[in-house]
Amino acid sequence: MNNKNEYINYENNSKDKKQVLNSNTVLANIETISNNTTTIIMNGNNKAPNANNSTPTPTSTSSSSTSSSPLSTSSNIEFQFEYSPSRVHILVADDDVIQRKILENVLKKFHYNVTVVHNGEEAWECLEKGQVKYDLVLTDVMMPEINGFDLCTKINLHPVFNKIPVILMSGTAVDYKCANDTIKIGGQDFLTKPIAKELLKKKIDTLLGSIWQKKKEMEYKSVLAQEREKGSLLAKQMKLKEHEIEELTRKITEISSISKEAMETPLVSVSRNIEELLQQSDWYKNEDELKSKLTQVLKELGSSNIYRPSFDKLIKNDSIDQATKSFLVTEFSNSTNRRYSIPTFPQAPPNKDAKEFIKAWDFDIFKYSEDDLMPFLVDMFENFQLLTIFKIPIEKLQRFIMAVHSLYRKSNRYHNFIHAFDVTQTCYSFLTSFNAAQYLTHLDILSLLISCMCHDLNHPGFNNAFQVNSQSELSMTYNDVSVLENHHAMLTFKILKNSECNILEGLNEDQYKELRRSVVQLILATDMANHFEHISKFQHHLNSSEFDRNKKEDRQQILNFLIKCGDISNVARPWELNFEWSIRVSDEFFQQSQYEKVCGFPVAPFMNKTQTTRARIAADFIDFVALQLYQALAQFLVESKILLDIMSKNRQNWQAIIELQKEGKYKDDLYFIKEPTLMVQNQKLAKINECDVPLTPQTSK
């Protein structure tokens, strides 16, 4: 089709009309014209008009048929709305003022919502503005700027508008090629002008009714799919509940059987065994069973109280919860047995990913209570299969953890159970996330975890210098040498000597001796008096030879170094954690200095609140204590190099706070600032010197 020539012909015809007809007369008789016009309709099946130009019967169903659909009558599912002309928005584009007025009046008469524009460009603007969501575009073919075919193509290519049906119309282009082109570019229909109003309504209702019906069917299918999914989920839940009921029934039966035996007194048990023996006629065939039962009879007759039930079977059974065991043993056993009462071990937090979280360096310990933390320690032991390898009963491990927890003082701001767990989690992270476990044996890992948990047992909150200066009982006991560390090591093995907490009972003699030697050395290594000696020895080993996994001395040196890094790990933790730990340790320092002043003891300047600040303490600790230690760690474990970057950022933050304090913008009663470096104006905060750490990874032999 030559669109340009057609447009010229159309313009000429329009001029002829204007010369013959008076506009006012035409507008006054619009209703008459629209009632008496005829139409040629080319439907989507491209059927040609018949010989007498009669109108072909549309192949689609009428709007009345859609309303009687089974979906709308038989279903009790409520949909958004039914099809109705009053809910339809039609955009009409025609540059002929008379045709626009005719179409607008006709469509409004049938209660359609109509927007009329002069050309394709205005129609596209209406669509793009999105103020009205149009259900149909009715456009003339021949228009300036953007003609009807172009507008239809743009609509069909648009990712949002392509679902809007388009009907094209023309008063001049009435050949079959126009109808074919309409179908090719995605138009739904092609109509010739003038258009009979009843047929126009029928055509619109047929087209939109079909679209509405499809939407309705899709919505119906969606609802059915959702209902099926709900039904499937409900069936799974019912199956799960049935399984839970079956499991609960099994446990009840099992507990009932166990309880019956457990509540049986020795006297009843003796009578039952004797009756069973008397009923046997072939004693000579069951000699072993006979001896076993007679032995049991003698044992039960020798009980201190043959009238009181024993709860041994209940205590050993995993189906009985700890609280019930503790209740039975404590309340119904005699006083001599009360020492065997079982405290309740805290339940693990309901988080299936917890075992992975505790490996992470950014593990936020302050989000958990102390009861939440204790089950994590069991997970650490289980991850390395220590319970299986060393035959550790989980109940004894739990009692050991609770005993350790009870010996840490809650009144301490820093040296408390949370710090002990933090050191343990740090070393656990070294072993797993930083691959330090490859250099160690399972016995080494057991020694390390025990040492981390116990390295500050019963710490009084005052350091070794205070113990020596005050000539405390501890300093007298240990002759002023690693006073607190010796105390912590002694308490560790005092707990382990208790049979209820002895997690080492499965070790042979050689294993026990090696573990005791290792644990004592590990805890003594946390004495800061020997800090730089440990660093020098470790650095010398790194520079001279590789660590040999087959040598106890090499493995012990690695263990000592790891626990030292864990003991002061807060300097390399994310800023929020580093800040919190620094506040806690400075609180303890300042508290000790107050006691020292009252007692007349020497006060270290770094602990004297009048001579330093919390930020200065933290910054100096990184510079003079932690940096060299973690540089050596980065040389040993390549993956740990990132910790130097974290430490550097923390050091910059502390320096920024120091600068703010100098400017009087920040008091020493520290409140957390997420990024203090941004508050320092015109200050370049230098990073810590990493001393060009050589990253030559060690390999275990």
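Indices start at 1 and increase along the chain as displayed.
Cβ atoms here come from the backbone N, Cα and C positions, even for glycine.
Positions annotated as region 'Disordered' by TrEMBL: 41-71.
Marked as domain 'Response regulatory' by TrEMBL: 89-208. Applying DSSP to the domain 'Response regulatory' (89-208) sorts its residues as follows: 57 helix, 24 strand, 39 coil.
Within the same chain, the residues at least 6 positions away from Asp140 (4-aspartylphosphate) whose Cβ sits under 8 Å from its Cβ are Ala93, Asp94, Asp95, Asp96, Gln99, Gly148, Leu168, Met169, Ser170, listed in sequence order. The 4-aspartylphosphate annotation in TrEMBL covers Asp140.
Across the domain 'PDEase' (338-661), the prediction's mean pLDDT works out to 93. Sequence annotations record features per position, and here TrEMBL assigns domain 'PDEase' to 338-661.
Long-range Cβ neighbours of His415 (active site, proton donor) (same chain, at least 6 residues apart, Cβ-Cβ under 8 Å): Tyr408, Arg409, Asp456, His459, Gly461, Glu588. Annotation source TrEMBL lists active site, proton donor at His415.
The Cβ neighbour count for Asp456 (Zn(2+) 1 binding site), using a 10 Å radius over every protein chain in view, is 25. What TrEMBL records for His419, His455, Asp456, Asp567 is Zn(2+) 1 binding site.
If you look up TrEMBL, you'll see Asp456 marked as Zn(2+) 2 binding site.
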Number of Cβ atoms other than its own within 10 Å, given for His419 (Zn(2+) 1 binding site): 22
Sparsest-packed of the listed binding-site residues (His455, Asp567) - C-beta count within 10 angstroms: Asp567
